[in-house]
Amino acid sequence: MQGGTSVRLYGLEWPKESARISRVLDLLVAAILFLAVSGAFHLHYMLTAGDWDMWIDWKDRQWWVTLSPIMAITFPAALQYVFWTKFRLPIAATFAVVCLLFGQWINRYFGFHLWSYFPMSEVIPALLIPGALVLDVALLLTGNFLFTAMSGAFAFALLFYPTNWFWLAPYRLPVEVMGQLVSVGDYISYAFTRTALPEYIRLIERGTLRTFGGHSAIIASFFSAFVSILMYLAWWHIGMLLARVVTTPNTLKNFMGLTDKDEPAEAAQKAIDGTSLQGRFVAAE
Amino acid sequence: MRTFCFRKSSRLLVILSAAAAIMQIGILTFVPDAALAHGERNQEPFLRMRTAHFYDVNWSTNEIPVNGEIVVTGKFRLFPIWPVNLPLPEAAFLGNGTPGPVLARTESYINGVPAIQSTKLELNRDYEFKTVLKGRVPGHHHVHPMINVMGAGPLLGPGNWLTVTGNESDFKLPIKTLSGETIDNLETWGLGRVFFWHGLWVAIAIVWLVWWLRRPLLLPRFRALTEKGGDRSQLVTSTDRLFGAGLLVATILIVFFGFQATDIAYPRTVPLQGSRATVEPLPEVPEQVKVVVNKSNYDVPGRSLRMNVTLTNNGSTSAQLGEFLTSNQRFINHEVSQAMAAVDPNYPKELLPPNGLKVSDSRPLKPGETKTVDIEAADAAWETERLSSLINDPDNTLGGLLFFYDEHGKRTISNVSGPMVPVFTDPDNRTAENPKGGPG
């Protein structure tokens, strides 16, 4: 930047007033985007991986670990396309998961805890921030969406389980209830009942994944990491499609004798060639 | 003029909105019963008539303090004429129908087997249940026993009102883990760790976001990327890359060492438990009285269910029809003293239709005797409980249990089921006392 009536931003001259308005716009857009992404991403995540993320007795070593990163990498990937290609900002993934976490905590605290009486220990959302940070830094350092998919998206899923184990472990301590072995998480959800969500609804640890070293979370994480790469690529392109400004050529204006100001020569040529209706009138004259 | 109209209508809209809001608050405040019951009447009649029939249900108390206990016991029979559009109870769970977790469930059993897991149940068999609940949220709550059946949803038993007094903040649900930790209260267990880790990562994320947000953001960056003269090297500098790389290393190190530290802090953990319990039904008791429904009508204007049934006593003692139970409504035959005596004086009155059950011939059915009688269960409950909407169901078959008593008061239970034909007008003026109709 420099003194006087203008400032230099990223190599370009800006009037001071314009730069100031632009900064106000930054803050306004950031606030609006924060709320919009919070709502949209939260809705998407609840519809696709909601119960696993919601309840302490759904956070298993197989489905939760597999599905959560696959469903959570969607918005970060799409936003990364827009943020990076249009603004060179490597913060989209972190921004998206912070928005998601904000929406989740608001929903869990006001909706589930205060309104519906569930204890907070039953409805803790998963942490996705470390994976998102790695995804953003991967894009920053490689500058390439393919390498970001292979390294960042892979790490996004691999980091999911260890990241969440920090806070989840106390809920996996063993307790004896009515002569049965259950985890603390199982007992919390048994005690604080979900009237319409009984035990059998849970989709937890099925199949024989646990034969791989006795711990299904590892193989589930690697499988999730592989699918997350594909999801990242797909959603990067969805971001690309959604960021496109689509216009429809206005053919009616030809009837009015109007032409595009930017392309007078081309329009005139078309008129002469008779390639448009207006042109044919012109040609007839 | 136009502006004036707009302002006037806007003001009217504001006043109407405010009135609606005040009315809503008033309804929620002054009509708590309506707000706190939880839609049991909205279940279709075929669900309530032909799935789980709860009987002998008892609530140990009507009022408990926070941390006080209520024990709900009883039995249920899974009706043999199970609706064809519902899956069989291959997986079922003993729940409790309450407005959310206002009570904490500490124990539950089906036939003495712990019901913390789901189980398979059999049709036309009886089960005994027991649920121990602990007061948590003060208020006036409707408490039902409930069976959740996979694919069929929650099947509610009868509900009774319970008052929980005291302070919610006094609630505690302690437990000791098998690895030695003492948990003072499951409600708050582990939250310190949750808040710490969530807070730490949010703080790191904010640092990363602010690192970029502190510089001119949208239009300047967009112009620099798209216009000639824009300096792209200033958009992402080597300092940015260095900071990013440092953050990457820090993130991986925190995750790695955090995971190790957690494993050391909690060396003995178990995965979520998702097995199925095995529950044997109560010993089968042969049906003493065989019931055949010859005809059944629901009289819409008279709010009355009438059945013409043939009863055959296959037992060695007499049997007297004392009660018709359907959809948690108990129609008691007032002429049978044993049936009247079997009603707990504390049983919810709204589940005991005052008109009871009218039987054309209430005399005991002798062993080996066959008799055809008319039964009438007439009460406004058919409307208030929304059972009359059975006439709108695609599976228009009624179901319930008939309770018979011998001279010693011993009870036997028979299933009763048959197609139901609605009567929209009743020109014959038929009643239980005058089943043939006419002036009477």
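Glycine residues also receive a Cβ, built from the backbone N, Cα and C atoms like all the rest.
These figures come from a predicted structure and were not determined experimentally.
The following features are taken from TrEMBL:
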type: TRANSMEM; residues: A:24-43; note: transmembrane segment
type: TRANSMEM; residues: A:63-84; note: transmembrane segment
type: TRANSMEM; residues: A:91-111; note: transmembrane segment
type: TRANSMEM; residues: A:123-141; note: transmembrane segment
type: TRANSMEM; residues: A:146-168; note: transmembrane segment
type: TRANSMEM; residues: A:212-235; note: transmembrane segment
Looking at the transmembrane segment (A:24-43) and the transmembrane segment (A:91-111), are there 3+ C-beta pairs under 8 A, with each pair at least 6 apart in sequence? yes
Per the Cβ under 8 Å criterion, with at least 6 residues separating them from its ends, the transmembrane segment (A:146-168) contacts 59, 61, 65, 68-70, 72-73, 76-77, 80, 93, 124, 126-132, 134-139, 217, 220-222, 224-229, 231-233, 236
Quickly jot the same-chain residues contacting the transmembrane segment (A:91-111) by Cβ under 8 Å, restricted to those at least six beyond its ends, or write none. 33-34, 37-39, 41-42, 45-46, 53-54, 72, 75-77, 79-80, 82-84, 120, 123-125, 127-129, 131-133, 135-136, 139, 152, 156
